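So the structure is just underneath, and the comments pick up after that.
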Amino acid sequence: MAAKDVKFGDSARKRMVAGVNTLADAVKVTLGPKGRNVVLDKSFGAPTVTKDGVSVAKEIELKDKFENMGAQMVKEVASKTNDEAGDGTTTATVLAQAILNEGLKSVAAGMNPMDLKRGIDKAVIAAVKEIKNISRPCEDSKSIAQVGTISANSDERIGNIIAEAMEKVGKEGVITVEEGSGLEDELDVVEGMQFDRGYLSAYFVNNQDSMSAELEDPFILLVDKKISNIREMLPVLEAVAKSSKPLLVISEDLEGEALATLVVNNMRGIVKVAAVKAPGFGDRRKEMLQDIAILTGGTVISEEVGLNLEGATLDDLGTAKRVVVTKENTTIIDGAGAKSDIEARVAQIRRQIEETSSDYDREKLQERVAKLAGGVAVIKVGAATEVEMKEKKARVEDALHSTRAAVEEGVVPGGGVALVRALQAVSDLAGDNADQDVGINLLRRAMEAPLRQIVANAGGEPSVVVDKVRQGEGAFGYNAGTEAYGDMLEMGILDPAKVTRTALQSAASIAGLMITTECMVSDLPEDDKKGGMPDMGGMGGMGGMGGMM
């Protein structure tokens, strides 16, 4: 085992706080409407320009191991806030830096670190309660657009496009962000269920303009196996032909004789048909087939439950108002499934979301909920250059997370005002001893830090602004964008309550751990010579060569 470098007390904390300050100083320049950009060098391609706190934090690694430990712990604050609320990473970093710096001053003055931490924890509980009290629901499109605008660094177009997307697909609907091909942002909305499987043969296409197979009021056959023998399909195919309705076949795969027969029937006009592979893989495919069955009021023909294709009747088939199959996607619009069955299925998937520990599984389950409950909206981000495209896409994703958080827990006045208003609840607190009181007071000072930083980035005088905001009431605050005082809610400067709450809780949690740190252990720096080849010495003289001719 390698030898370790161990540091104690003040010398450890000084190195740790130096790392914290390096990272926090890089992140906090991005805060507020007049925050600056940070340029990140990449090992390949053009540098990335960003105003996203967590993107900046993730890039920072420090050479000194003890400083790096401090930086990594603050990085954890930004990441945790981003994972939970989707935004507020810069605010959380500024808060953590302020709490830590204030806390270490108190520790140096002889306070008990554990009591300081208890005081901070008490104050956080009171502040979070007050943030919840001053929040108000965010339900109308205008509020959603305002939250999106603020999170996207005051870009109104992004706020409006997110509000429009949420209006069209509902609060539960899936909204995805993609890189567009033009200069303008676009919004595509897909109603009904869409999955990423296209037609198995181009001969199914019946709309040459859009190169798609469009089926009006079709039957939908769902089969959980590979179909290659047409004999199995004949009974159900004949029944569909008699009904004169189109047919969509969704199966694990369809090949050989079975596919050829369907193509011939379609081209001769005997049965209007299209075939696609089932979405997903393995167990997820089985679940998604079941989702489609519930949405369309059909039954999955699966040998696992004793059903076979030869015995299938029209009663086993689902129906929908319309189906559109392109080369890459299949969209089922207005399935005929019972609303109560769909709601029960959605509730079942939501329970699975709560129980799963895998982020990937959770994301896939949420997609399934959205496909059953609402539609799918795609925001295509437009920009002039690749660098701008990446920066803008990151801002749109941030804004989308923020609006979801706002819908979940409501909104509070933005621009650091909510934390200043929550100070009142903290002011009335008393600790069990003098050191806890110091912890409560240091959190009070730290809660002003985001507002101070917003004003500083805008070129204002932080102390003057904080004093004036503190004297005001309710949503009264300072708009750094226009350098005017007024009602933050009326000016449309809103923050999701969840973002403000998570930022404060994450920052206090990590800063509390750092304040109570007494010892740090790290690997010793490696000696550059270590591992090289040993010195081979000179080769010496070659001596007389004798009489070479």
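Just so you know, glycine gets a Cβ as well, placed from its N, Cα and C.
The candidate list K51, K65, K392, K393 contains one residue that Swiss-Prot assigns to the ATP site with T30, L31, G32, P33, D87, G88, T89, T90, T91, G415, D495, namely K51.
Look at the binding-site residues G32, G88 and count other Cβ atoms within 10 Å of each Cβ; G32 has the fewest. Counting other Cβ atoms within 10 Å of each Cβ, the lowest count among the binding-site residues T30, T90 belongs to T30.
DSSP assigns G88 (ATP binding site) to coil in the three-state reduction, placing it in neither a helix nor a strand.
Around G415 (ATP binding site), a 10 Å sphere centred on its CB holds 27 further CB atoms from the protein chains shown.
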